[in-house]
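Okay, so here's the structure we're looking at.
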Amino acid sequence: MELEYLEGLNEPQREAVLQTEGPLMIIAGAGSGKTRVLTYRISHLINHGIDPFAILALTFTNKAAAEMRQRIEKVVGSEARSIWMGTFHSIFARILRIEAHRIGYTRDFSIYDTEDSKSLIRTLLKEMNLDDKTYRVGTVLHRISSAKNGLISVNEYQRNELFRAEDEGNRIPEMGRLYRAYQDRLLKANAMDFDDLLFNTNVLFRDHIDVLNKYQQKFRYVMVDEFQDTNVSQYVITRKLAAVHQNICVVGDDAQSIYAFRGANIQNILNFEKDYPDLKIIKLEQNYRSTKTIVQAANSVINKNKAQLRKAVWTENEDGSLIDLVKAGSDNEEGVLIANSIFEEKMQHSLRNSDFAILYRTNAQSRAFEEALRRKNIKYRIIGGLSFYQRKEIKDLVAYLRFTTNQNDEEALKRIINLPKRGIGEGTIAKIIVAAGEAGLGLWDVVSNSVSFLGARLAGPIDTFATLIKSFRYTAEQKDAYETAAHIAKTSGLLKELHEDKTVEGLARFENVQALLNAIKEFVDNPQNEDKSLSAFLQSVSLLTSAEDDKDTDRDKVTMMTIHAAKGLEFKYVYIVGLEEDLFPSQMMLTSRADLEEERRLFYVAITRAEKKLTLSYAETRYQYGRLKNCEPSRFLKEIDNDYLRTNHSLSNREAYVNSFVRNLTPRKPEQINATIHTPSSDFTPSDTSRLAEGMKVEHAKFGFGTVKEIDASAHDRKARIFFDKAGEKTLLLSFAKLRIVES
DNA sequence: ATTTATATCTTTTTT
DNA sequence: AGATATAAAT
């Protein structure tokens, strides 16, 4: 067994697997079989009698953890389930839940997501009378987040002259007070944000030596994947945990560090050598994934960066085909061209949809590709974007669940107290918060005794709400998570409200809530989950990014995602799209952080996802904020050695244009829709466009389908008006965005 | 308190 | 264009 899995490894790989004792750093180039090495290394430990419970493996995404666990299970069997493997956030949330009472929390603490955090900051700004235009919510949160990721406590922050000077320079001198107020409120709400999960773990280990000792003894082997993306807070935790046994293994690639914006610190790699003088370093430089062309093009890009550990990634693979460069007239045409290319390559080389990936810089870019692929009947899936758990209806129900387990959760309370409408307006909510603050009590104390705090007039509806929550709390004590959640969904009136909404969107929302309930049922039915309480479910759910299509049996789909989400994955054919200056590299990155090198590393990550063939594309025009904007090709395109490139001269076809140019659909009267058709170039006469638009079917969520009947092409300015049948009975309202062409 | 009209801002990546 | 905040109307 052992020989079997060592057989396929090259020398440094084998060494990395066998070197289980003492500090080890593996510098793993892209495609060098890193996951394989990690998998075998852990399997090797288990095969040699190490208790899986003594192994801690930290990754950056849930997906990476799940995949590795699966692969280990193939080698060692069901023992793999016992390994402590997961993201930093999920592992330490688990530990914090066990030890919460030590640091002033209860085990039912809530986890605030970014939306909750921002909402809290907004209320704080109001309460402290600070202008939200000078104190931008995003900036404030980012500032607090960086402090916590760098292990700077509130006290230190306020004491530190450097921060004070910086904040005064930025005209936000109250930052220190804000930070304090924010942390106070989180503690009062028995809630932690993402950064607190790490920060508070540090506090826990610092102030409670016995707890630290317990986990130091427990984890004999500590492993960190994607080490280049750890921040100070994460690094200190792992260093402390490994302090006794010194069996720490970190795996990373400085060339793939793409999370500096989140506090990741390449310094960690350099410090690592200082912290562990007898550190062993192994470099994996042979690439098994990609063709020579791709590997060399990637090298030529990354070598433009100054800050890097020199490392020579090479491959014995074949040369492979050249990199295609596609120029499109518009973002929509870019979608069509890529969809066509996928279609053709698929036919020519008899490939599967799942062999293809489209990678972009920002989530917003996915639209054009979705539309083009849908038209060609190519199945696709999108990773990331608005995840399932960020949707309004899901967050609403989750807020009910959160508040049922934790009555101090202020953000959850604000969300649900008047949902469905109970006649509790913003004014009333503000009064509740003020009353609680004055009495030095929690919100729930006020809500559950509303008469004595707010008088009988306001108390009526609040009382109803309080009684409802009390009954939910009782249910939660008696029943498991699923029964409780189903009961809450029904009794709160959430389901009823959604059920009455017969629009397309309303239907989808209703189904989403059902899907959440199903997910809770699965959680309860899973024998691996011992604790079936509502609060246990919430814990597991708050750290999920996306509701991964586990239930989606059809895996043969083209994958679309941001480059960040693509790290660690590989595909035969990869399309990197939107290679335009200011988009990729992102303008923000260049102006606010002046970090072109991180953008270039991002490009490097994208290129090295490809196994067989890479296609790059950019558009000359792109819709942004409703306007057509001219784009310049990205500087990155010029950085690729011409020897590896082949420009694709395929010209766009007219039909493709027009299909995607029906825009600005403006309802005037219920039976009439004003649609504006923009064309990108003066090649198109108004009659040209209108002829093509005729007969198209139009879909609007509020009133179903209609067919284009008549087109008034007399309008100037490359616009045409469209009239079509009214097909629904609801009053026509104004979500123009939902209007789209479904078929021509 | 709630709905509806109008104005303003957005401008990245993710646990 | 679309989301969100604010003002005005109900």
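Each residue, glycine too, has its Cβ placed from N, Cα and C.
Predicted automatically and left uncurated, TrEMBL annotations should be read as such.
The feature domain 'UvrD-like helicase ATP-binding' is assigned by TrEMBL to A:7-291. Sequence annotations record features per position, and here TrEMBL assigns ATP binding site to A:A28, A:G29, A:A30, A:G31, A:S32, A:G33, A:K34, A:T35. Annotation source TrEMBL lists domain 'UvrD-like helicase C-terminal' at A:292-568.
Here the features listed in TrEMBL are painted onto the structure.
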residue	record	Cβ neighbours (10 Å)
A:A28	ATP binding site	28
A:G29	ATP binding site	26
A:A30	ATP binding site	26
A:G31	ATP binding site	23
A:S32	ATP binding site	26
A:G33	ATP binding site	22
A:K34	ATP binding site	22
A:T35	ATP binding site	16
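In the predicted model, the domain 'UvrD-like helicase C-terminal' (A:292-568) shows an average pLDDT of 85. The secondary structure of A:G33 (ATP binding site), as reduced to three states from DSSP, is coil rather than helix or strand.
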